[in-house]
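To start, the structure itself, in structure tokens.
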Amino acid sequence: MPNASSWSASSPLLLLWEDSSGTRIFLSLLYAVLAISGTLSNVMVIYLVFSFKKLQTTSNAFIVNGCAADLSVCALWMPQEAVLGLLPPNSSSLRSAEYRLLRGGLLGLGLTVSLASHLLVAFNRYVLITKLPSVYQALYQRRHTGCMIGLSWALALLPVPLLPGLWTLGSAQSDGSSRYTALLLALAVLGQTALLLHCYLGIVRRVRGSAKRVSVLNFHLLHQLPFPAAPPPPRRAQRRLSSVSVLLLCCVFLLGTQPLVWVSLLGFFLRPAPPALQAASWLLLCSLSALNPLLYTWRSEEFRRAARSVLPRGEGPAAAPRPSAAA
């Protein structure tokens, strides 16, 4: 029976058994908050898209695909992490390799499909803005869109054999396979980030150069862009707001993904990063699952209007009617 110190070498990346009880309780509360907020926001976006016909667009199909993947992290994986932080490190139920593999599968599947959905949304918007309408319509037929979504889930199942190595990243007892797993993970996220930035920066260049072309495209899909929808501000202000919105989206995405990339590369080429830094980088990446619904809908007037129609308005009691003049 391994002791607590040896068990920590194969413990979950975001929960270190050698941490103090106060740190583990704090992490458990953080996971609980992210799980609740992320589950509610992802479910809300999925419900709104399926309930309102105006929101049933190609871009929103990819957003819903990402929300479904994020639910596997927020609704299934994060609650387990919250509970694990409150259990003693020597709990026999936590030592099962099958249970660790299951949790790793939920995390890996959710994050992989979520990152792929980020790229699908970015490429969809890039084609919409920078290509001819005929090209967009030919590429994003319903059958093609379904194939793209199915492919994102199929690709997410490929790294399943690598999941056991994720649990020993950066530990002193890790073997070479876990180091190469970290390298593959870092390169995959780095490549996906480069493609996403290429798409969004291309949109920014196009909007800056031809704001008029964007305003005359007769697509209701434009409401799903992270740009102001209506009424349009003056052209110079519109270009400035569009650029700020896209750059803010990119900054949030980079903040969530790049720490893990560089921590993994550091561990492969030089020396493993401190466990706390590894845990923080994974926590930032997983927190994207709770932020993604807001990241893609906060600038959409259609989403805000749909949300206002289903959420309670929170108005106070109605004022008593005034007596009529005749009375």
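Glycine too: its Cβ is placed from the backbone N, Cα and C atoms.
What TrEMBL annotates here:
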TRANSMEM  25-50  transmembrane segment
DOMAIN    41-296  domain 'G-protein coupled receptors family 1 profile'
TRANSMEM  62-80  transmembrane segment
TRANSMEM  100-123  transmembrane segment
TRANSMEM  144-162  transmembrane segment
TRANSMEM  182-203  transmembrane segment
TRANSMEM  244-270  transmembrane segment
TRANSMEM  276-298  transmembrane segment
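Among 100-123, 182-203, 244-270, 276-298, 276-298 has the largest number of CB pairs under 8 A with the transmembrane segment (25-50). Taking every listed stretch (62-80, 244-270, 276-298) in turn, the largest tally of C-beta pairs under 8 A with the transmembrane segment (100-123) is reached by 62-80. At the 8 Å Cβ threshold, with sequence separation of at least 6, the transmembrane segment (62-80) comes into contact with the transmembrane segment (276-298) through 3 or more pairs. Beyond the transmembrane segment (276-298), the same-chain residues lying 6 or more positions past its ends with a Cβ under 8 Å from any Cβ of the stretch are 13-16, 30, 34-35, 37-38, 41-42, 44-45, 63, 66-67, 69-70, 73-74, 77-78, 107, 110-111, 114, 118, 121, 169-170, 224, 226, 249, 252-253, 255-257, 259-260, 263, 267, 304. Sequence-remote contacts of a segment are chain residues at least 6 beyond its ends whose Cβ falls under 8 Å from one of its Cβ atoms, and for the transmembrane segment (182-203) they are 115-116, 118-119, 122-123, 125-126, 129-130, 159, 162, 165-166, 169-170, 246, 249-250, 253-254, 257-258, 260-262, 264-265, 267-268. For the domain 'G-protein coupled receptors family 1 profile' (41-296), the model's average pLDDT works out to 78.
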